[in-house]
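Trainee: Take a look at the following structure, please.
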Amino acid sequence: MIWRERIAESNAARDAAARRRVRRTVGKRDGMRCEVDGRALLNFCSNDYLGLSQHPEVIAALRDASVDGVGSTASHLVCGHHALHDALEREMADWLQAPRALLFGSGFVANLAVLQALLRKGDVCLQDRLNHASLIDAARLSDATLRRYPHGEVGTGERHIVAAGGAPALIATDGVFSMDGDVAPLHDLVAVARHHDALLYVDDAHGIGVLGPEGRGSVAAAGYGVRDVPLQLATLGKALGTYGAVVVGDEDIVQYLSETARGYVYTTALPPPLAAASLAAVRIARRADDRRDTLRALVARFRERAAQNGLDVLPSDTPIQAVMTHDDRRALAMSKSLEDAGYWVSAIRPPTVPEGAARLRVTLTALHAPHDVDALVEALARARDTAFEAVSP
Ligand SMILES: Cc1ncc(COP(=O)(O)O)c(C=O)c1O
């Protein structure tokens, strides 16, 4: 059967390139310590940057709200829109200083929904080459023309807008790039958007809660608001420690999305207890400067120690620190030896990153201790040396 042949062929190709993927099963968790397939590890690959996923107030909010039931029972426009969803949207809009917020099932779905609702045939959608897969797929699934520019090279991107000869343009970018950890060149993007009357959409999945005043993210950190960035995505499953996503921004655009975005209209609303947990998490995140300070200090410590040990780390001031191996097998070997030493750091290989850009994606959180970071860097340096010997051609 053609389908089986196709799958077998793909499996064989991924086997040959060391690109098979395996799922690991997490058991008990206690802060960043967790049981993985029965083994105790210190987690350095989660996006729980502020350590809120196990915060007692977040857990209590979910538990208390679930006495009324779990599921929302319908989509928002039918009868699934609960007062807790509404309260979460209001809190997010207030936090991110935008007129409106709209809750989606996940960040992936939100990106598909937003771009499909806004883009039409003849439009141009400009994107950084390293944008998240959901933004790229969203533009591909729309009728617009997708133009991708080399990472960070906004000037090259602008030429695509000029070449489109006045076609409506939407610029979509990660705020913090999910695999590299660097922040988008927002000043350049805002200037280009202004000049060409383009709509700028910033997916700040990894910046919200972490960067800027009150943790309002990369847009606020760069000094911009809804006038310059009319739409932003904040995901709830990373620094906020829960699940779901919220699009915030311009009143008219968000109202339009609430009536037309297929990924919003044709899906069951998130469970209200989850909205209660997210609301509690947002309230904690807003006042969590102590956690953000801890995190910043850990990032600086990691970078300093990594440089002393000669690790090849991409430039990034965020909790996402990419330790480059370039070679897929070397990334896997390093990840395995880190695991043997008690650390969980996953190997990231193409197609998640470009060819030749395999790496270990280390993520730091406010729950790590300085000595954990020191020990991790030592383990990384040892893993690099052993992997180099083992995988050298
Ligand atoms: C930049 C970015 N956007 C969107 C998403 C998708 O968000 P979610 O996990 O809520 O679907 C992710 C990661 O998952 C991401 O890294």
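Cβ atoms are placed via backbone N, Cα and C, with glycine included.
Please treat TrEMBL annotations as automatic predictions, because they have not gone through curation.
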Trainee: With G107, F108, H206, T235 listed by TrEMBL as binding pyridoxal 5'-phosphate, identify the candidate in S75, S178 belonging to that site.
Mentor: S178
Trainee: Which of these, T352, T363, T365, does TrEMBL say binds substrate at the same site as R21, H132?
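Mentor: Substrate site check in TrEMBL: besides R21, H132, the record includes T352 out of T352, T363, T365.
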Trainee: Starting from the Cβ centroid of G107, F108, S178, H206, T235, the recorded pyridoxal 5'-phosphate site, name every other residue in that chain with its Cβ within 8 Å, sequence order please.
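Mentor: Here the non-site neighbours turn out to be H132, S134, D203, A205, L233, G237, K238, A245.
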Trainee: Can you figure out which of R21, H132, K238 (the recorded positions) comes closest in space to F108 (pyridoxal 5'-phosphate binding site), comparing Cα atoms?
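Mentor: That would be H132, nearest by Cα distance.
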Trainee: Determine, to the nearest whole angstrom, how far the Cα atom of T352 (substrate binding site) is from the Cα atom of H206 (pyridoxal 5'-phosphate binding site).
Mentor: 16
Trainee: Among R21, H132, the binding-site residues in question, whose Cβ has the most other Cβ atoms within 10 Å in this structure?
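Mentor: Counting Cβ neighbours within 10 Å, the top one is H132.
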Trainee: Mind running the recorded positions R21, K238, T352 against ligand 1 and keeping the ones whose CB falls under 6 Å of it?
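Mentor: From R21, K238, T352, counting a Cβ under 6 Å from ligand 1 as near, there are none.
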Trainee: Could you tell me the mean pLDDT over the domain 'Aminotransferase class I/classII large' (41-380), as a whole number?
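Mentor: Residues in the domain 'Aminotransferase class I/classII large' (41-380) carry a mean pLDDT of 98 in this prediction.
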